[in-house]
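Colleague: Take a look at the following structure, please.
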Amino acid sequence: MGKLSMLYNAAIASTFVKVFLFPSYRSTDFEVHRNWLAITHSLPISEWYKSSISEWTLDYPPFFAYMECVLSWIAYFFGFDKAMLDPYNLNYVSPSTVVFQRGSVIVLELVLLFALREYVLSSNVKDQRNALLTAIDIFLSPGLLIIDHIHFQYNGFLFGLLLWSIVLAKPEKNMLLSAAIFSALICFKHIFLYVAPAYFVYLLRVYCFTPNFRPQFLNILKLGSTVISIFLLAFGPWIYMKQIPQLLSRLFPFSRGLCHAYWAPNFWALYSFVDRVAFAVLPRFGYALNQGTSINAPTRGLVGESSFAVLPNIPPALTFYICLGLQITVLIKLFIKPTWRVFVGAVTLCGWISFLFGWHVHEKAILMVILPFSILSLIDRRYLEAFRPLAVSGYLSLLPLLFTLNEAPIKYLFTGAWIAMLLTFDKCAPVPVKRVFLLNRVNIAYISGFVPLFIYNCFIHKLVMGDKFEFLPLMLLSTYAAWGIFWSFVSLLWLYFTDLK
């Protein structure tokens, strides 16, 4: 208990903050999940993925639908507002509804706390202090506070499952249970398919084959039957009802643009920024552009829209092949050297590649990179320096999700305090045996650059521009954050291939 008391105290303190935030701003995701409670409670299972009573149709895999169903019956039996369970009560909100839904996020986040506890206890004695700091760092994530406890989602629960499966993937733990939990996680939210290749290669290499590549047929049978059983448990009813095509059409809507309406800070944000600058600048130098393309067209995130004014348009297939090629490169190292740390690096990089180069990526997906990378961040100072621009850029890029004035103090103070904590970790990260030029001062200068950027976005832009160029502050933040995230990606990629063991 003693070594974990700091983690528990941090969890208790943060829970008070989260309860205090119950009345705060709620995004449309709050109504999305209320509607899913209503659908799974009031409609037969055959209608779950067919219902279009609300525009917020069920588009998560079956395990998440089952979870919403269980939550709905808990709400029903414990006397919460039953009107929230009526699918025809569109945009319904009541104090009881808010308390139940906000409270369910906090309770389910205990899975994350348990996973972090297991991570600390499974670490070597000499690494436990840093593991504890990492656990606190993850649980106090500004991203989880913003996205889950204000904006409204269940990422703490989902990433708790991911981190628990990562911890169990240590050879001395329970790799079969790790595979089972990760398979279940995919059946909760299919975005985790991005990192599935790393699990496949690692489990194949370590669990299904001996170090000299002799197949272990019993392990292959156990692994295969476990994974298949979990997917049958999730998708079995829809297989029986012959509704798999309908279910998949909800899970994978391909008619969206390359970028979300608010550009995620990835490679395509940089690409879009260059396109917009070229559109504005080239005509001044006598270059004729296609006047049929509006400056508002590039990557606004609208359905079916992904055209550019100057640069070539990007088809979905190209993003797939870029991600596939880069992930294969990462997986080759994992196949050759299948250690647990290399596995964590591969999970991080597979998620990172999908975030940087994937199609229609949401800014919230940056959690798939930051949280796994946190496990590696205190190996030594090189990893910490690679982590810092990612974490700072990623979390600051989430702040525009909260655009109401009442939430401004908490989002800036909490995120600022977390960044200040991160900047003190130099004392904890070991100095590497192989000294390299870490560009520490460059990283600090880059992070400091967010200060004038936010001053401009929050105060100067409105005074100078008025109602013109409303997209400019978001574009500047997304583009500047993308540089830091891309630089961190290159840094970890270098360490992954040259150092990680």
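Going from the start of the chain as shown, residues are counted 1 onward.
Backbone N, Cα and C atoms are what each Cβ position is placed from, and that goes for glycine too.
Keep in mind that what you see is a predicted model, and the values were worked out from it rather than measured.
Pulled the feature table from Swiss-Prot, pasting it below:
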type	residues	note
TOPO_DOM	25-59	topological domain 'Cytoplasmic'
TOPO_DOM	81-95	topological domain 'Lumenal'
TOPO_DOM	117-131	topological domain 'Cytoplasmic'
TOPO_DOM	153-156	topological domain 'Lumenal'
TOPO_DOM	202-315	topological domain 'Lumenal'
TOPO_DOM	337-341	topological domain 'Cytoplasmic'
TOPO_DOM	363-389	topological domain 'Lumenal'
TOPO_DOM	434-443	topological domain 'Lumenal'
TOPO_DOM	465-473	topological domain 'Cytoplasmic'
TOPO_DOM	495-501	topological domain 'Lumenal'
TRANSMEM	4-24	transmembrane segment
TRANSMEM	60-80	transmembrane segment
TRANSMEM	96-116	transmembrane segment
TRANSMEM	132-152	transmembrane segment
TRANSMEM	157-177	transmembrane segment
TRANSMEM	181-201	transmembrane segment
TRANSMEM	316-336	transmembrane segment
TRANSMEM	342-362	transmembrane segment
TRANSMEM	390-410	transmembrane segment
TRANSMEM	413-433	transmembrane segment
TRANSMEM	444-464	transmembrane segment
TRANSMEM	474-494	transmembrane segment
Colleague: Of the listed stretches (132-152, 316-336, 342-362, 390-410, 444-464), which one yields the highest count of Cβ-Cβ distances below 8 Å with the transmembrane segment (181-201)?
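Modeller: Most contacts with the transmembrane segment (181-201): 342-362.
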Colleague: Would you kindly check 96-116, 132-152, 316-336, 342-362 and say which stretch has the most C-beta pairs under 8 angstroms to the transmembrane segment (60-80)?
Modeller: 96-116
Colleague: Which range wins on Cβ pairs under 8 Å with the transmembrane segment (342-362): 96-116, 316-336, 390-410, 444-464?
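Modeller: When the Cβ pairs under 8 Å are tallied, 316-336 comes out ahead.
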Colleague: So if I exclude everything within five residues of the ends of the topological domain 'Cytoplasmic' (25-59), which remaining residues of that chain have a CB under 8 angstroms from its CBs? That is, six or more out.
Modeller: 65-66, 68-69, 71-73, 75-76, 84-93, 97-98, 101, 150-154, 237-238, 241, 243, 246-247, 250-251, 253, 401-402, 404, 406-407
Colleague: Would you mind listing the long-range same-chain contacts of the transmembrane segment (444-464), meaning Cβ under 8 Å and 6+ residues beyond its ends?
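Modeller: Residues packing against the transmembrane segment (444-464) from afar: 388-389, 392-393, 396, 419, 472-473, 476-477, 480, 483-484, 487.
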Colleague: With the transmembrane segment (4-24) as the reference, which stretch in 157-177, 316-336, 390-410, 474-494 has the largest tally of C-beta pairs below 8 Å?
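Modeller: It is 390-410 that shares the most Cβ pairs under 8 Å with the transmembrane segment (4-24).
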Colleague: Mean pLDDT for the topological domain 'Lumenal' (363-389), rounded to an integer?
Modeller: 94
Colleague: Run through the topological domain 'Lumenal' (363-389) and tell me, per DSSP, how many residues are helix, strand and coil.
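Modeller: Its residues fall into 21 helix, 0 strand, 6 coil.
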Colleague: Determine how many residues of the topological domain 'Cytoplasmic' (337-341) DSSP places in helix, in strand and in coil.
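Modeller: With helix first, then strand, then coil, the topological domain 'Cytoplasmic' (337-341) has 2 helix, 0 strand, 3 coil.
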Colleague: By Cβ distance under 8 Å, which residues at least 6 away from the ends of the transmembrane segment (390-410) in the same chain are close to it?
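Modeller: Beyond its ends, the transmembrane segment (390-410) has Cβ neighbours at 17, 21, 24-25, 27, 141-143, 145-147, 150-151, 262, 264-265, 363-364, 366-367, 369-370, 373-374, 418-419, 422, 447, 450, 454, 473-474, 477-478, 480-485, 488-489.
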